[in-house]
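Colleague: This is the structure, below, for whatever I ask next.
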Amino acid sequence: QCNPNPCHNDGVCEVVDDDDFRCSCPPPYKGKTCQKVRNICKKANCVHGECTVTLTPPYYECKCKEPYQPPNCKVASSCNPSPCLNGGTCRKGVTLSSFWCDCPANYTGNLCQVGPDDCYEENGENYRGNVSETVEGLECLPWNAYFILSEAVDLSEYNILKELEHNNLCRCEKIRQAENLCGISEPTEPNEETTEEPTLIPDEDFATCGQLQTKRVAARIYRGMKAEPGAYPWQVSLQVRPKGTDIDFGHYCGGILIRSCWVLTAAHCINNDTDKQVVLGVTSLKKFSPDVQVIDVVEAITHEDYRETPGALYNDVALLRLKGSEGRCANETETVRTACLPTETFPDKTECTISGWGATEKAYISNHLLYAPVLLLSQKRCMEEKVYGNRLDGSMLCAGNMKGGVDSCQGDSGGPLVCEKDGTHYVYGVVSWGDSCGKRNKPGIYARVTTFLDWIDSKLSAS
């Protein structure tokens, strides 16, 4: 039974009887033939990173997201040192831990790691370059992340821990279990935008809130599917550039149109050193249709009690006042509409929807608007010690999936969590923060809009 050795990963075979054998598996392996990996990450606390499996004690380590530092990925200092490669310039973002890389000509990627000669041939099987992002622009997980290895049926198909340890580069050869995590081909943009002129509704303010054109409603599909034009007409792209410059604006956060001249977003998205504009009626950030409306932001109002701590963001809401005339800024069209402010609470386990281009301080954007359903979770459960403990307060709610998954990664910071009742859509949460994406017992945290209704009303009334 032990000749040849059926045990993978240097397991030692022992004959039990004429018809059976036993494999003694070295850590971190387990299984009948040492083909799986143990859950050695159960006790790891990689706050802003991924737990990865190693071949030396203690058989795991935290792979930190930039700019967080090991061993526990808790401390961050954006741009010091600079994570940008190939001469890229590190630019600080709106929070202490956010940044982006301004890449030199011919270099791309989150860290400017992809050069002009970094291409693949044919089906990419022999690709050995530096691309580490999905076709939607999201950073790939390390190949030895427990999140990936735990899903593998049989690790013997590919010797990840020895060949690909410590990197997250795109590879296709023999990596069947993970091939969907890191595509390397450039996506083709769907031609879904209308070429017709926008149909304006002549009323001085929007006729209704929270309503969709019936023909535009798309089925809800899990795992961040692409949205059709008009499916989320209140969705806003908040775009910024350094104050006083003439460089192109870039998508930075999401937002929700709640009045013709007002957008609700997250306080942590506000940076006084940037010029701001909002883009409405857009699904593809690469290709604007005639329906798209681009409007300057003339004032950003952050909640007076907004507070950022290493573990949470409190009272994380802000309002953007748009440039207009005679009280009119955005025009109501089939693809530009307001979401309603909630008039009552929604019960736990209500299925709501998040949407956005995936821009958070730990992830990078998709070119196409994405959406995913999430469940409202009870405050009591989210305040359990293994979830978020006492970091939560009444200004927050949590929604998502306690089992983990990618759904919580599909929204933007500042973007909408919208719940529907009787055909009307209410903005119930503003995407705020969370401990990484897709982790077990770490659903997304949202600013609870019902807590801020009086504050919103006071700011709108004052202006």
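Just so it is clear, glycine is given a Cβ too, placed from its N, Cα and C backbone atoms.
As annotated in TrEMBL:
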type	residues	note
DOMAIN	1-35	domain 'EGF-like'
DISULFID	Cys25-Cys34	disulfide bond
DOMAIN	75-113	domain 'EGF-like'
DISULFID	Cys84-Cys101	disulfide bond
DISULFID	Cys103-Cys112	disulfide bond
DOMAIN	118-209	domain 'Kringle'
DOMAIN	221-461	domain 'Peptidase S1'
Colleague: Need the DSSP three-state call for Cys103 (disulfide bond) to compare against my parser.
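Modeller: Once the DSSP labels are grouped into three classes, Cys103 (disulfide bond) ends up as coil.
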Colleague: Near Cys112 (disulfide bond), which of the disulfide-bonded residues Cys25, Cys34, Cys84, Cys101 can be found within 10 Å, Cα to Cα?
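Modeller: Cα within 10 Å of Cys112 (disulfide bond): Cys84, Cys101.
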Colleague: Please report how many Å separate the Cα atom of Cys34 (disulfide bond) from that of Cys101 (disulfide bond), as a whole number.
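Modeller: Computed Cα spacing between Cys34 (disulfide bond) and Cys101 (disulfide bond) is 42 Å.
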Colleague: DSSP on the domain 'EGF-like' (1-35): how many residues come out helix, how many strand, how many coil?
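Modeller: Computed counts for the domain 'EGF-like' (1-35) are 0 helix, 13 strand, 22 coil.
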Colleague: Can you grab the distance from Cys101 (disulfide bond) over to Cys25 (disulfide bond)? Cα atoms, rounded to a whole Å.
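Modeller: About 44 Å separates the two Cα atoms.
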Colleague: What Cα-Cα separation, expressed in whole Å, is found between Cys25 (disulfide bond) and Cys103 (disulfide bond)?
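Modeller: The Cα atom of Cys25 (disulfide bond) is 46 Å away from the Cα atom of Cys103 (disulfide bond).
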Colleague: To see if you understand the setup: which same-chain residues, six or more apart in sequence, place their Cβ under 8 Å from that of Cys84 (disulfide bond)?
Modeller: Cys90, Cys101, Asp102, Cys103, Leu111, Cys112
Colleague: For Cys112 (disulfide bond), what is the secondary structure by DSSP, using just helix, strand and coil?
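Modeller: In the DSSP reduction, Cys112 (disulfide bond) maps to coil.
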Colleague: Within the domain 'EGF-like' (1-35) only, compute the mean pLDDT.
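Modeller: Across the residues of the domain 'EGF-like' (1-35) the model's pLDDT averages 90 on the 0 to 100 scale.
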Colleague: Is it possible to get the count of other C-beta atoms within 10 angstroms of the C-beta of Cys34 (disulfide bond)?
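Modeller: Excluding its own Cβ, Cys34 (disulfide bond) sees 22 Cβ atoms within 10 Å.
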